[in-house]
Amino acid sequence: MILIYGECNKHCREAARVYANRYPERYHPPHNFFLRLVNNLRTYGTFSIRDAQRQPLRNMEQNDDQENEIIAYIQLNPHSSLRHVAREFGFSKTKVHKIFKKYKLHPYRADLVQHLRQGDNERRLTFIAWITTEINNDPLFLNYILWTDESKFTNNGVLNKQNNRYWSNGNPHWAVDTNYQTVWGTNVWCGLLGGNLIGPHFYDGTLNGRRYSDFLTLLPMMLEDVPLLLRQNLFFQQDGAPAHNAIIVRQQLNEMFGNRWMGTHGPVEWPPRSPDLTPLDFFLWGHLKTVVYADPPANLQDLKNKITVACRQLTKEQILAATFREVSRRLEMCLEKNGGNFEHFIR
């Protein structure tokens, strides 16, 4: 077995296959048995596990060799799991984990980022160049942008089990009732302007050009409580949702804001597939859904009430941190990445 193991360049699986083919009449051990034999011989000077337990000789040099082999393996196969490495080398998961800790190896999970298409990087860089010029001309420019977006809230929103605990010295068999068979919900529009949250505005059904145009007629009334300075300098922003690109909507935005609005076909082109630059996407919706779904809503009106309360609880400082400081930071990071994805570098 040892000779075959060496013949196969110390590859356990290959050694097991060759041994089975060469000696079909014999017992065919699993592949990790070969490595256990070698480890026992190196560490204890015997093939017998029973003898090894009786004479626990320690060969530090050989242990270092084993660790080096494992570290070299994980550097070549960084996506391997603890279980896979342990099985490959014939060790326990605990031992492999200790080796990883010794060498300060940590598991990092993949971040989900927006897929960018060809040309998107250049559009993002063009937008950053424009907005940087505006900020240089007026350091408060970001405060004048009315960031807008829509999101859907339903009764089967994500339930965070980490937020549902019951401390007891016995299992209370506590459960949270869910009803995913009957789905109901509402669509929500919100805006962020300086330190102000505009909305929430609820609407039913799919958002189309006509429905969005009707909503825009209500927007001036929704802005009445916003300080006059912000309204006078307001710069409207929307993303590339189909309803936003309807001809009737673009004509209406031109009448309302002149050349002071940005969108897919606006006077200022909003770069497509850029939720990482929009404070409603990277901040507001996630925050609201965490609060709203912490205690599952009982019905549609309860859902709307929870959304409204969560919006009202946001402070001016929280909103400014997203619309001013965080947007500034993200623009810089996007520029550093040449218009590419950057959120997986944010911690």
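Every residue gets a Cβ built from N, Cα and C, even glycine.
Residues or ranges marked as domain 'DUF4817' in TrEMBL: 1-46.
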Tally of residues which DSSP labels helix, strand or coil - the domain 'DUF4817' (1-46): 31 helix, 0 strand, 15 coil
For the domain 'DUF4817' (1-46), mean pLDDT (0 to 100): 80
